[in-house]
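Visitor: Just lifted these from TrEMBL, have a look:
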- 5-183: domain 'Prephenate dehydratase' (DOMAIN)
- Thr176: site 'Essential for prephenate dehydratase activity' (SITE)
Amino acid sequence: MNRTRIAIQGGPASFHDAAARQLLAGNPVETVPCTTFRSLCAALQQAEVDVAAMAIENTLAGSLLPNYGLVQEYGLHIAAELWMPIDQNLMALPGQRIDALQTVLSHPVALAQCSSFLQRHPHLHPQETHDTADSAKLIQEQQLQNTAAIAGKAAAALYGLEILAEGIAESNQNHTRFLLLQREQPATLAIANKAILTFRKPLHTSTLTLLLSLLQKHRVELALLQHLPSTTERGDMVAELEAEHVEQLQEAIGQVRPLVEELQVLGLLQKAARPAATVSEKETAAIH
Ligand SMILES: O=C(O)C(=O)C[C@]1(C(=O)O)C=C[C@@H](O)C=C1
């Protein structure tokens with residue numbers, strides 16, 4: 001059976017790696033590591049992979065707004081979403097002591113998720129990398145002393161690192177939402193209850209009032225409305241709409257379309273359930 005090639009941001013044992021396998025559960029998968037979200041979108045657009053997994057929101061660090069812009073820019077489609085619990089751990093070569101560590105490597109979002117832990121350990125100097133798991137790999141490959149990584153337990157196991165502190169994120173409610181991206185527009189799902197769209201036009205109060213009343217008329221919830229970061233004056237916005245039935249979303253979108261410019265539906269999908277259970281009770285720095 002052919003394996004589905006899925007682009008991920010980061011390497012083996014990264015959170016994207018785990019998310020990709022869950023998004024394609026039941027299918028044989030080959031993950032294709034990318035170092036940036038842009039290169040991940042480019043790999044998909046250029047058909048180097050079949051699909052891609054991309055983080056879009058984290059409960060502690062917030063929305064990754066530029067990623068909506070990348071989906072739009074590369075003309076990609078959102079087929080599904082997944083909420084995944086994220087468990088962050090401090091790890092180093094076996095035998096290292098936490099008080100002798102000087103540098104801690106990790107993805108900027110992972111560092112942000114552990115900011116209180118880092119404040120409590122000011123001798124640990126954070127250094128941003130492109131991935132949690134590849135930070136663990138670097139420590140192992142270069143036998144870096146006095147250096148730790150913040151990553152998931154799978155990375156510690158893969159690269160033979162010792163976990164010095166576990167559950168170090170701000171809260172045990174640390175969850176990331178991932179999107180499954182594809183090149184072709186998927187057939188409309190009868191069970192779709194969420195729409196992700198972008199459009200252009202600075203919203204005036206009167207347009208916004210009309211938009212909200214239209215959504216209310218179709219019993220559609222506005223779950224997200226944000227300006228996308230941009231270096232131009234384009235004024236792109238992203239919206240996430242939720243409803244019970246796909247028809248409500250389609251009708252509401254049809255009526256909103258004339259109110260705004262360049263409305264683009266990035267995805268009509270099934271809303272993912274937020275994990276209710278926590279990874280583990282937060283263990284405040286189980287220091288060895
Ligand atoms: O570095 C990783 O392991 C990733 O998969 C990246 C990433 C992210 O982009 O937010 C994924 C999930 C976590 O929120 C932390 C980092």
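Positions of Cβ are set from backbone N, Cα and C atoms, glycine also.
Nobody curates TrEMBL annotations by hand; they come from automatic prediction.
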Visitor: Compile a sequence-ordered list of residues in the same chain as Thr176 (site 'Essential for prephenate dehydratase activity'), six or more apart from it, whose Cβ lies below 8 A from its Cβ; state 'none' when nothing qualifies.
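Guide: Long-range Cβ contacts: Phe15, Ala19, Ala55, Glu57, Asn58, Thr59, Trp83, Met84, Ile86, Val109.
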Visitor: Sort Thr176 (site 'Essential for prephenate dehydratase activity') into helix, strand or coil using the DSSP assignment.
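Guide: DSSP call for Thr176 (site 'Essential for prephenate dehydratase activity'): strand.
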